């Protein structure tokens, strides 16, 4: 134990298996119940007759369960196309962000170069600017580039967002310089430092960034709604928002109930792949860290 | 040892924006920073911004050059025998989309060479951005009446093409689409307010609602019902600020007025508004109202239990008994709104939509043909309101605004079972005929909800008098909306 | 330990030490440009450019068509003298007070519990707390409206069974903010847990071991050891959530539409209303005023952190 390296902490920690654990279990179970109950309500409601969702929202009668909302939703909106487009955007935008954000953050955190501070200051300002005001300028830009209704318009703006760089910079700044210097002495080149030293150390934060990035891309709708006007380019959230518009307004419209049913069905279908991704991420990143450090 | 560890870890545990603090600079040469970068960045940003990016700017008061004699903003109908091309039409998703979609086949029988690309779109989220940036502009868009004026500068003036029809269109619908002498939307539906009432519940206590002719009669009937059922609040009082304001405009429309005149000048401070608000305040103070947000669980429960029996609302309330009120379906009926004065108008408009044609569209004149067909051609309006696959009994949540289509003796939709088989068509058409004109909607209507709609809620809380509502709302709307135009 | 293995595995075949050093220095100088460049390219094009556009817009009166009219500081002075702007800022400030302390504490407790490798169902909890974070907001809005309905909602039904009166969760200005705060807490706490976990995982278990030997209670360990060690991650979360609360827009937009009585018109929603009304210049100016407020708050937090450090 000469140096204390983050991520290499020896685990598992010795802890008393005692009343404390039992109490934490009860606390956590109750809390997850509160966290999951509303989502469970939404999932269950998707199987209720549409008008019952509105007129009797809290009950659930298994005998009247129905797939009507799902069949109607699949018939009405191109949710399959939505999945496909979201998948394409997710793969490319996610990969760009998860690779280039830590890389740029590493550059900012561990090197000096002219204008660095000014650049980073600009990053901070854009971070604090509400995205909603940027929509029109960005859209004008897309028009100039001829990118409206293209994948690049869905992928590039917002890829490597300022927040990702900000966060990763603060995480990488915490990696001790001695560690990097030691690796340099061992003949590590600069990029190898990043790949072999920095990335393993920041893995927990990287996992967090992956969660955030996936979720942001998956659930983003303001930008896709305005930039993807053709059905061919509609992402999953664009599909959801065309359903939701009739409800978020003021319940005007004869099909308020049926649309609510379709919306809940679509939201349920949309949620499943995301949960699968998270369970996979969880295994890959978080458990991976644990396993590795136990061995180490 | 322990303490040493803790401090050792502090340095690499995570650094929050330490680059923003000067003291850190010497201590941590790598990755250190200080407040100046932000300031410097701001300065750079400012300099570049003012020089380069942004819309074209004119000094002093801008404004377009005077329009040439042949007004380029007025749409001309296409000439030639068989117009051809492709049009992009945006509609709201949902059943109405399906109804219009089904009508495209009928349209193509008349115009076989026009291909309609019909899309269900989140219009509220998209239209403004699309119009401002001019990207992928559709040829025709379904739009709330209250939003037409706000987009007028991006839309075709349709006064020329509408000219053959305009005299046969409900005046209220022409007014809401008019601005500075132009007409910016093809009027779609007319949404007469009706008095929905629970006939069964009222009869149980011996009240014959059909005898209600004025709002004073309605008050009297409500008092009677209340004395028979003390737990009731017979008349609906709307809790959503937006819908309360929309309903207020329905009452005002009966009196031929609205929140602003055709020049956009505020006219809330009038005897008409004072009267309406005073009436609503009476409903509240006498405990004759049920305060609930339109068709939320609270609202539905009081409707189902017979505690709320009068619902003065737009015709589109009709879907509630059809879908959401299983217990009392069949008990409900509709009648024209009571009049403010004996013999006064018993119709007022609440909500409604129109079709607009953006100037940036590529085939606007073909889109006009589409809407002309839907609204003014018998095959078109029959396809929209008549029985179809989506609505087997027809679309009974509105009526056509085109008078020849709205003929009391030739119903387009069927009697409604949930209203005890009542012929809603003739009731609505009759009420629709009585809606006075002279009630335009200003571009800032929705923005007024934060003031007028909200102050109405405060009145329902007992915090403001009708006079307060008028004075406060007028001052705030004048300052924040009218003067910021 | 893993790190040591990694570094050893890297190739270290080079001719002469001196040339190696030279080349290495040159590489080291060039490297940051290569690393930062892809980000800078995307950021300049799609981050800086629209920001500059917006900044310029904030000094004009532009309704989206024709030429914009230069109005100088008019938009800013209008907003600074406007009741609506200030009430939106104060609404956000109240929401901040309602959300942030609870959220940071709750997330910290959850994170500390989940950091225990021996905890059963650990993987389940980690995913479970994230579920609200990823559920589409439009579905969430439906849930909130029915669960918090004044007369027939689930929450009031529960209160009634304990003999408590109905509460106007979404209909009174007193309760609408806490209800909205609850929604935000419910939706975003899972993510803060993840951030804090990433901070906690760099704490050496030996620290706790030593504390255990000393017989320090769990609470004491939390206050004396854990919090000081993750304070920077906590501070980071604080700034992050301060940004999120002041920019909060979608939640009130879909659940309350800013009401009742404008009590949930957040700073983010208020600026959207300008844009939605077509008043793009005022919307832009409103955004930059928010940037200033949030920046001032962040600097204040950082300063407080420093003061404590000393």
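Easy rule for this one: first residue shown is 1, then count along the chain.
Just so it is clear, glycine is given a Cβ too, placed from its N, Cα and C backbone atoms.
The region 'Disordered' annotation in TrEMBL covers C:1-23.
Marked as transmembrane segment by TrEMBL: C:30-52 (among others). Not one residue of the same chain 6+ positions outside the transmembrane segment (C:30-52) places its C-beta atom under 8 angstroms from a C-beta of that stretch.
The domain 'ABC transmembrane type-1' feature in TrEMBL is assigned to C:89-301.
According to TrEMBL, the transmembrane segment annotation covers C:93-115 (among others).
Here TrEMBL flags C:127-147 (among others) as transmembrane segment. Non-local neighbours of the transmembrane segment (C:127-147) in the same chain are 110, 153-155, 170, 179, 183, 186-191, 193-194, 250-251, 254-255; each lies 6+ residues outside the stretch with a CB under 8 Å from one of its CB atoms.
Counting residues 6+ beyond its ends, the transmembrane segment (C:180-200) has Cβ neighbours under 8 Å at 95, 98-99, 102-104, 106-108, 110-112, 114-115, 126, 129-133, 135, 137, 140, 144, 226, 229-230, 232-234, 236-237, 240-241, 244-245, 248, 251-252, 255-256, 264 in the same chain. Annotation source TrEMBL lists transmembrane segment at C:180-200 (among others).
The transmembrane segment annotation in TrEMBL covers C:229-250 (among others).
Marked as transmembrane segment by TrEMBL: C:287-305 (among others). With a threshold of 8 Å between CB atoms, the same-chain residues lying at least 6 positions outside the transmembrane segment (C:287-305) that come near it are 54-55, 58, 76, 79-80, 85, 89, 231-232, 235, 238-239, 242-243, 246-247, 267-268, 271.
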